[in-house]
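To keep things clear, I will list the structure first and then write my remarks on it.
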Amino acid sequence: MDKNNERECNEDLIRERRKCNFNIEELTNIVDGGKARTARRREIQRLLINDPEFLDEIPQDYMSHEDRYSNELRKSAHLMQKLADQESGHDIHQDIGALTGILKDGNPLMVHLSMFIPAILGQANSEQQEKWLGRSLRNEIIGTYAQTELGHGTFVRGLETRATYDPTVEEFVLHTPTITATKWWPGGLGKTCNYCVVMAQLYTQGRCYGPHPFIVQLRDEETHRSLPGITLGEIGPRLGLNSNDNGFLKFENHRIPRTNMLMKHSQVLKDGTYVKPLHNKLSYGTMMLVRVGIVGACSRSLQYAVTIATRYSAVRHQSEIVPGQPEPQILDYQTQQYKVIPQIASVFALIFSARSLSKIQSSVTAKLKDGNTDLLPELHSLSSGLKALSSSDASWGVEVCRLACGGHGYLASSNLPRTYTGTTCAITYEGENTVLLLQVARYLIKSYRSIGKETGASSVSYLADQTSLASSSSSFSNKALVQAFKLSALSLVAEAEARLQKLCDMGQEFYHAWNYCSVLLLKCAEAHTRYYICEKYEQTVDSLKASEGVKNVLQSLCRLYLIYHITLTHGDFLKCGALTPRNIAVLEGEMCDLLAVLRPQAVSIVDAFDIPDELLGSTLGCWDGNVYQRLYDEALKSPLNKTDVPDAYYKYLLPLMKSSL
Ligand SMILES: CCCCCCCCCCCCCCCCCCCCC/C=C/C(=O)SCCNC(=O)CCNC(=O)[C@H](O)C(C)(C)COP(=O)(O)OP(=O)(O)OC[C@H]1O[C@@H](n2cnc3c(N)ncnc32)[C@H](O)[C@@H]1OP(=O)(O)O
Ligand SMILES: Cc1cc2nc3c(=O)[nH]c(=O)nc-3n(C[C@H](O)[C@H](O)[C@H](O)COP(=O)(O)OP(=O)(O)OC[C@H]3O[C@@H](n4cnc5c(N)ncnc54)[C@H](O)[C@@H]3O)c2cc1C
């Protein structure tokens, strides 16, 4: 599609684009993280969308379960080959975002890339990396991360799979003692992988040392048959991601060499002596790494959904605002703006907090190399909170975008259903959100109780700022609004701590008191993480060196985001005195003004996300707005339309209709 050729474009969209008052390319660079990254993303995407191998012969929704898997594996393998062939040598992990949209509905190699390779990098010592890293990066072996079991997903300490060390032959014996110990869910495990990282309870010298990672060969490298002592399969259809082969795995006293325990952090020596790690949660490092990645991935899902919903809202006309006048664009309804525009604002919130989290992760990783684990708890808390809020915000945002597209949003060809199922899974995987938020709450209560002790953790230093509990602000700058978020979080933490203490003082055990307060604790964790997101948003926009147009748009989006979230949880702001009822009413009015200010820029802002039609894959969101023809053409692809009268008519309907004659 030639974006300069207006003649091919829907007239509403032409008019919308003419209203643009900022430099779109500049905003695109901000979204990508710099000009060079925009160029790189475009180069990769060009490479992919011009390649006919990535086309589906028929839409995936009409394929059988086996064909969906096989078709996706064909494209995934082609993609890996293609990227490996590039002279410039692409770093697939750096470029993972550019691939969004090319592989649809989950793909069998995703966990190989996003968890198996990172597990080797983060958990294997240098000798082990030498043995397995190169091979896995060159795709000579394909792996997954097998942690979850039928009986235990959340509670990693409760895993049942055993790895028992036998010093006589220097081997571990892997065993699945019960049905509930069956590994269940790992992506690519069913049919694709021939290796995996297994999390199993380590037993040596008669003691259990908790879950540790082991690398295990599952299938013969020549025949791809599963090895003796190993039972493997696929777990069946899911809500979404159905072109992946999420699998199950059982071990029957399967032996692996001692050196297959990933030994970067803890070791079992030849005689069975256990050498403990610097920090006993370092074996959870792969999960933490991926949680950080999920924040960025969620922002991309939301970019897709909001691009579709905004363009469609500009093209779609329905009902009337002024009686008797032509039907307006649905984007002119304030209620429609309230659905779509806050989701645009949310995209930037997620992008900026993902970047901030990534930086913290890099510095914690650097410190870990020097044996310093001091900031690991803070990274665990931040990555857990941001993974939880980004996945729930994005899932809700995608769903709102689907609803904003009315009936057509329910069609597979809108690509909104698949975007939703591909996002909502992130609420559950890599740590179920409630559970992760309770980890954040645990960290908050602990930090609150240790006020005065220097921990170096900056994200919770505000908890010591007791004076702010009394200082309600009368100013309404963005900074002042961020202060209100801080006050609300601080006051919730103080309330939860007091309630916990009171229950304990009344004689309850701490863990019962904890469970009894956990709804409030969840709120603390959400408020704390929201405050973090708001603060990063405000700081990033404030310090941005950008043209006036771009800065204005981002300022308005940031302000909308702050006010939108205040109005959603206004009770918390009122309760702690951060804002008065009058303040809330004024802010609600201002939110409507912001929607009106941003409305004319909405199409141009989503254009700045720069998602090619071929990747967006949506009849409703295409660049040219030729929505109705595309919907019609897609409908014609239904196999039911191959014949005027389907066979099923003769088999079932005709006999029924004639039976009463
Ligand atoms: C070539 C170059 C390569 C470069 C590499 C780049 C890498 C790029 C990565 C790419 C990423 C892209 C991602 C985008 C796409 C995403 C697609 C991903 C597909 C994912 C598929 C899904 C996979 C899975 O789901 S895997 C299974 C995940 N499972 C879970 O997450 C389980 C959740 N449960 C837990 O984590 C634990 O059970 C927990 C934390 C809930 C509780 O653990 P516990 O042992 O019971 O601990 P507890 O008693 O509660 O607390 C004790 C103590 O420990 C602290 N703690 C806990 N965890 C940690 C941690 N991780 N770190 C630090 N500290 C931790 C806790 O806070 C307590 O502290 P105290 O209060 O001080 O006692
Ligand atoms: C699409 C998809 C892909 C996946 N890929 C992988 C993979 O590649 N590898 C892998 O190992 N796993 C994978 N998983 C598994 C995933 O990590 C787990 O499903 C997830 O960690 C949640 O665990 P669970 O299913 O046991 O849920 P449960 O823990 O049983 O959760 C059920 C409910 O109990 C609540 N609950 C549980 N514990 C607590 C608590 N302490 N406090 C309060 N409430 C609690 C939860 O909030 C939830 O409401 C995948 C899952 C999905 C859906």
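Using N, Cα and C of the backbone, Cβ positions are placed for all residues, glycine too.
The annotation domain 'Acyl-coenzyme A oxidase N-terminal' is assigned in TrEMBL to 23-142. Annotation source TrEMBL lists FAD binding site at Thr148, Gly187. According to TrEMBL, the feature domain 'Acyl-CoA oxidase C-alpha1' maps to 284-445. What TrEMBL lists as active site, proton acceptor is Glu430. According to TrEMBL, the feature domain 'Acyl-CoA oxidase C-terminal' maps to 479-658.
Locations of recorded TrEMBL features on the structure.
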{"residue": "Thr148", "record": "FAD binding site", "CB count, 10 Å": "19"}
{"residue": "Gly187", "record": "FAD binding site", "CB count, 10 Å": "26"}
{"residue": "Glu430", "record": "active site, proton acceptor", "CB count, 10 Å": "25"}
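Cα-Cα distance from Glu430 (active site, proton acceptor) to Thr148 (FAD binding site): 10 Å (rounded to the nearest whole number). Across the range of the domain 'Acyl-coenzyme A oxidase N-terminal' (23-142), the DSSP-based residue counts are 81 helix, 2 strand, 37 coil. DSSP assigns Thr148 (FAD binding site) to coil, not to a helix or a strand.
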